[in-house]
Amino acid sequence: MQDHAGREPEANGYSVSDERSTEMVANEEKQHQTAHQTAEESPNTSSSSNSSVDDEQKSEATQPSIWRRIYDTIFWTPPNLRWNPDKPPTFSMGLNILFGFAGAFTVANLYYNHPILNILADEFGVPYEKVSQIPTLAQAGYAAGLLFLCPLGDMLERRPFVLSLVFFTATMSIGMATTSSISVFSAIQFITGVSTVTPQLMLPLVGDLAPPKRRAAAMSIVVSGLMLGILIARLLSGIMTQFVSWRYVYWLSVALQYIIFVGLWFFMPDYPATNKAGMAYPKILWSILVMLTKHPVLVQACLISFFTAATFTNFWTVLTFLLADEPYNYDPVTIGLFALVGIGSMLLGPFYARLVIDRFVPWFSVILGLFYCLVGISIGTYTGTFTVAGPIIQAFINDFGMQTSQIANRSAIFAVEPTGRNRVNTAFMVATFGGQLVGTSAGAHLYAKGGWIASGSYSMGSIGMALLFTFARGPWEDGWYGWHGGWAIKKKSRESADGKNDEQKSDLRRLDSNERTKGAVDVEKAEPHHDQHEHHHATDDQEAVNETDAEKALEMRAAQDGDAAPDLSKKTDEITPVPPQDTQA
């Protein structure tokens, strides 16, 4: 029942409305507690989420870029090839041959186009004048690489530098095998010409690693590879294009370069830079000119190589004209096979270097090489118009003489700047390259005017100029000209590359079994004590080191005489001994 006010009757002293009010209050309290717990938990949750975001940001910040990961993957050095100053890697014959193989099929990139220029003109639909720019661009790129990249070999570590160039050149060469544009082909040919300087980085490295008494033989293997690459490129390109598309020539080039990259990755040890303190790049380039004012033997070698190299390109440029005309009328394949004659002389070079060049002073080997050139050119020039035997004899003897004279000159010039051999080689190769350009231009012009005999006579005159500069300085002359010291041809020291003085052992190579470091003590002969530590003269306090050695000598003498040790306390207070520093640090 309801009362008159419409309220429900009470039960047990409480009304129904009071019970409902109590339930509502309880629900509100539960909601309030739940909200309070959520508010307490939310700071922890937000801080946890913030920390995870920070960790992600940090990991992204510390994660190397994609290019860095590619670099680290490609140029990672296997543990057995990493540099150990206490045990430098052995420069083996296998590594020497690998360097020669790499030199051959990297420099070949410059010469694949020579026999197929007419085919490239038809393929790209351009006149001969347009396609003839390709060899010029390749040579121009190579000259730029010689001048601007090779000096970096004295600043950078050789392994990553060489691998970078080989990998880059191989990858860029894919464009030449696939493009249908003459402009793109020409641009890539120039770029690959710049990076095709691997042999000119390996030659100074061989000079660092090989013992001085065997330096000529070691370098001759790389030089032979370099010369073989020039001849093989022309031979392969001409023969392959006769039977398949010219594009297969460049696909072969890509494959060979990647093979070289893999071979160097697995077998080329890691070598430190020769200039540990580092040099500014402009100063590196300027120092090349400074070297030419300091070292007469370097200027002499550059002049000899300039005139000798001119005979090489002169001969191989006009030989095609001679053999294609009367009385021979040879086809392109037969003309290309003449390269095999030059290959024979290149293979003989390393044996000759070991037996002759390493035994005598470089000056004498240069004279012999120029004499060989003179004989070969005279036979080929004045008999080549009526018998093919003349050009064959010239191809063999002239190439052999030029190669041996270049190896001997390198043996001499690499002794003048032990830590700057890449810059020395740059000066030498720029002169050589200049001679090749002059020989090509002059030879073609003279052949057009006076035929085979006219171009050959120019080569005779070039050898005559090379001989003149050779005789201007005797084998023992230290000045710019003269014959001071006599004319003996035997080396005064078999442990020296130039035959004059023993060179300081390079930190990059091991000692031979019969070789000793400078200052080594011979106990049986009771030679005086010398400090056997190698000092870095740019950082060592040499006076303090010498006085420290004097203190050691006084102590040893006092101990031998049985006297009391001298009081050195005063001396010690005045001078603090400087311990020898590790040159590899």
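Any Cβ shown, glycine's included, is placed from N, Cα and C.
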Looking at the ranges 132-149, 276-293, which is given as transmembrane segment in TrEMBL? 132-149
In TrEMBL, which of the ranges 184-205, 448-469 has the transmembrane segment annotation? 184-205
Would you say the transmembrane segment (184-205) and the transmembrane segment (91-112) are in contact under the rule of three or more C-beta pairs closer than 8 Å, pairs 6 or more apart in sequence? yes
Examine the transmembrane segment (217-236) against the transmembrane segment (360-382) and state whether at least 3 Cβ pairs sit under 8 A, considering only residue pairs 6 or more apart. no
Candidate ranges 161-178, 248-267, 360-382 - greatest C-beta contact count to the transmembrane segment (184-205) (under 8 angstroms): 161-178
What same-chain residues lie close to the transmembrane segment (297-323): Cβ under 8 Å, and 6 or more beyond its ends? 291, 330, 334-335, 338, 342, 366, 369-370, 373, 377, 380, 384-385, 388, 391, 394-395, 398-399, 401-402, 405-406, 409-410, 412-413, 416, 424, 427-428, 430-440, 442-444, 447, 452, 455-456, 458-459, 462-463, 465-466, 469-470, 472-473, 480, 498
